[in-house]
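Colleague: So TrEMBL says this about it:
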{"type": "REGION", "residues": "1-26", "note": "region 'Disordered'"}
{"type": "COMPBIAS", "residues": "12-23", "note": "compositional bias 'Basic and acidic residues'"}
{"type": "DOMAIN", "residues": "27-64", "note": "domain 'Peripheral subunit-binding (PSBD)'"}
{"type": "REGION", "residues": "72-110", "note": "region 'Disordered'"}
{"type": "COMPBIAS", "residues": "73-85", "note": "compositional bias 'Pro residues'"}
Amino acid sequence: SEEDVVETPAVSHDEHTHQEIKGQKTLATPAVRRLAMENNIKLSEVVGSGKDGRILKEDILSYLEKQTGAILPPSPKAEIMPPPPKPKDRTIPIPISKPPVFTGKDRTEPIKGNNNNNAASLGLLQFPILNASVDENCQNITYKASHNIGIAMDTEQGLIVPNVKNIQIRSIFEIATELNRLQKLGSAGQLSTTDLTGGTFTLSNIGSIGGTYARPVILPPEVAIGAVGTIKALPRFNEKGEVYKAQIMNVSWSADHRIIDGATMSRFSNLWKSYLENPAFMLLDLK
């Protein structure tokens, strides 16, 4: 399909990686880190005004004003499609993380992490509104053709969210290779701006650190995010009432309710779950 996402040009690692903060963990959210990357700013040069020196969005914008005299304009958007008409007097809420929807996976086969991303991409084909962005006034929605799925990573430099580009056209082997590359670069603090920008949907694997449930916070301009918990062996009953050992995994979803309702998020979750429980169906639909 035609590429709709405007990618940020690659830059040299020593300018835009987290190498400048070796030996000291700079406190900043993924959104703030991405804003710094997009505007050619080293976090080590910014004085944080938040608690314990945390760098806030306002600190980045203030630094930009001092350096350039004006805040840089946002990157150009792709072709936009207007949403259905809404009452003029409707108040547009601020995007916030919504209560998660929990989905238990009750098959006994173990799940591999790569399958989570493959299943998500297939689900996004059926629910493209989850792979979109919306302007501040909620007047225009941009539907992204590329599935650039972000993978949250806990590193020595803090939480970072690189993304695998164009998952919808990659093979399982290609996705696994790209994930390994991102994980190695993330551990070494050598991810480029291109790796960290352009995401359209995010999956956070809290299970890798023993997490089960979460309330994941959406990473703008994305409109949905999932947090995948650890797999646990728990007792379950079969159709005959007999107890058996099942491998259970929970996932928590958050969505921007200005354009996504709970029913849409739940249907996507059910489809994602069905692909994981029936990997043969997923293989039929994958490249």
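The backbone N, Cα and C atoms fix where each Cβ goes, and this holds for glycine too.
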Colleague: Where does the mean pLDDT land for the domain 'Peripheral subunit-binding (PSBD)' (27-64)?
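Modeller: Residues in the domain 'Peripheral subunit-binding (PSBD)' (27-64) carry a mean pLDDT of 85 in this prediction.
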Colleague: Can you break down the domain 'Peripheral subunit-binding (PSBD)' (27-64) into helix, strand and coil residue counts using DSSP?
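Modeller: In the domain 'Peripheral subunit-binding (PSBD)' (27-64), the DSSP-based counts are 23 helix, 0 strand, 15 coil.
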